[in-house]
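Undergrad: Below is the structure I would like to discuss, written out as structure tokens.
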Amino acid sequence: MLTALFISFVVLLILGVPIAFSMAISSVIALMFSSVPISITVQRMITSIDSFSLMAIPFFMLAGELMDSGGISRRMVRFAQALVGFIRGGLGMSCVVASTIFAGISGSASADTAAIGSILIPSMVKAGYPKGYVASLQACAGSLGPIIPPSLIMIIYGSITGLSIGKLFLAGAIPGILIALGLMVVNYWQAKKLNIIATGKFEWRELGQSFIEAIWALIAPLIVVGGILGGVFTATEAGVIVAVYSFIVGYFIYREYSLKDIPLIFMKAAMTTSMVMIIVAGAAIFGWILASEQFPEIATSWLLSLSNNPDIVMLLIIAFLIVVGCFVETIAAAIILIPVLFSIGNQFAYDPIHFATVIAMCLVLGGITPPVGVQLFITSAIARTTMRETLRYLLPFALVPWGVVLLTAYFPALAKWLPGLAFVK
């Protein structure tokens, strides 16, 4: 059955069938070679999305749409430019800072990339930055969306494994900040190399005014993280609260939209959520077949045959996920691989929160790995450049998040310290 599953899946991908349908159809084909009734497909798909934890996804998606439509991303960009725009390569740094702040609201790499990129990419191109440079930087900065809390990948990981989503959220905070700082350093170095000068000067007045305008947006991530840490609400409830907060800010404070705009905002959030949930459902039946055929045990045995050294196995897993990220969409890869990798992690006695952070980061960074890198396609389209031109400038920026992955893998305190501090036993 596994042979039929993998062969049909690869063939469907080559034919260009969307990933969600490729997984569902290949699962049905595989079940035809077994005694299991095909009706199990629908049952498993419905069961997979009938989860309290996954209810957080539509609410965070809605919060992101409300924030974007409410002009909040524009205000965050203005604040970021006032904060670092006076430095050489300041517009590039503004891109990273704004993406970091927006990551604390949306939890989605695509949303982060599109919201900030649509504002800053045209400005950076106009200021003389090469189009490929701008597209590659924003793609890497957008990957902060699911690493810095809240995170859709962490929600999915927690719903599958039963780990505390609050702990998983916090585990990604320090690695996310390190990635942001690293991208800013590389941007400065690259700007110097390309002779890109600063586009403005530092002004306390502009910084103060932009901070006052953006303060309502800056509070949103604090509500999410603070509420979860304080035990006031769960991650799912945090999604509801931040969505309501986003509506209040956009409608009553910034007054960027009226009630007649709300249906369109809800429709956009519903469409984005539907895309995610279809992938989750399709991947669920695919993953169920893998589990029923004891694929996790087979994978563990294979890794043990290569090495029983936990450090080497960790490196092998990271290398494997890099390859997976080249061909499989992030959420689909997460649903399929998390049960398998969780089993391997238990076998090698990895700390579950630390291991989850490394896995989640690797899966997220598939978005900047060609040929399936979603963020690369989004930023290339906004910059109106070719994928080839974007890839010319990608390597220096992509090395930063992958370097932080290795750093987190071999220095567990980067992922464990904050959850350990907040959730004292």
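Here, residue 1 is simply the first one shown, and the rest follow in order.
Including glycine, each Cβ sits where the backbone N, Cα and C put it.
Pasting the feature list from TrEMBL:
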type: DOMAIN; residues: 6-414; note: domain 'TRAP C4-dicarboxylate transport system permease DctM subunit'
type: TRANSMEM; residues: 6-33; note: transmembrane segment
type: TRANSMEM; residues: 45-63; note: transmembrane segment
type: TRANSMEM; residues: 83-105; note: transmembrane segment
type: TRANSMEM; residues: 133-157; note: transmembrane segment
type: TRANSMEM; residues: 169-189; note: transmembrane segment
type: TRANSMEM; residues: 210-232; note: transmembrane segment
type: TRANSMEM; residues: 238-254; note: transmembrane segment
type: TRANSMEM; residues: 266-292; note: transmembrane segment
type: TRANSMEM; residues: 312-341; note: transmembrane segment
type: TRANSMEM; residues: 353-373; note: transmembrane segment
type: TRANSMEM; residues: 393-415; note: transmembrane segment
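Describe the structural surroundings of these features, if you would.
TA: Counting only same-chain residues 6+ beyond the ends of the transmembrane segment (6-33), those with a CB under 8 A from a CB of the stretch are 40-41, 45, 278-279, 281-283, 285-286, 288-289, 327-329, 332, 336.
Within the chain, the transmembrane segment (210-232) has long-range Cβ neighbours (under 8 A, six or more residues past its boundaries) at 63, 67, 72, 75-76, 78-79, 81-83, 101, 104-105, 148-150, 166, 169-170, 173, 238, 241-242, 245-246, 249, 253-254, 422.
Within its own chain, the transmembrane segment (266-292) is flanked in space by residues 1-2, 5, 9, 19-24, 26-27, 30-31, 36, 40-41, 44-49, 54, 57-58, 61-62, 64-65, 108, 110-111, 152, 156, 329, 331-332, 334-336, 339-340, which lie at least six positions past its ends and keep a Cβ under 8 Å from the stretch.
Same-chain residues lying 6+ beyond the ends of the transmembrane segment (312-341) with a Cβ under 8 Å from its Cβ atoms: 13, 19-20, 23, 48, 109, 146, 152-153, 156-157, 160-161, 276, 279-280, 282-284, 286-287, 290-291, 295-296, 299, 303, 306, 348, 350, 355, 358-360, 362-367, 369-374, 402, 405-406, 409-410.
Sequence-distant contacts of the transmembrane segment (393-415) (same chain, at least 6 residues past either end, Cβ-Cβ under 8 Å): 130, 132-133, 135-137, 139-140, 143, 171-172, 174-175, 178-179, 182-183, 186-187, 189-190, 311, 314-315, 318, 322, 351, 353-354, 357-358, 361-362, 365, 368-369, 376.
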Undergrad: For the transmembrane segment (45-63) and the transmembrane segment (353-373), does the number of C-beta pairs under 8 Å, pairs 6 or more apart in sequence, reach 3 or more?
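TA: Contact absent: fewer than 3 Cβ pairs fall under 8 Å.
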Undergrad: Residue list, the transmembrane segment (169-189) vs rest of chain: Cβ under 8 Å, 6 or more residues beyond ends.
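TA: Residues 84, 87-89, 92-93, 96-97, 99-100, 103, 137, 140-141, 143-144, 146-151, 154, 224-225, 228-229, 235, 353-354, 356-357, 360-361, 396-397, 399-401, 403-405, 407-408, 414-419, 422.
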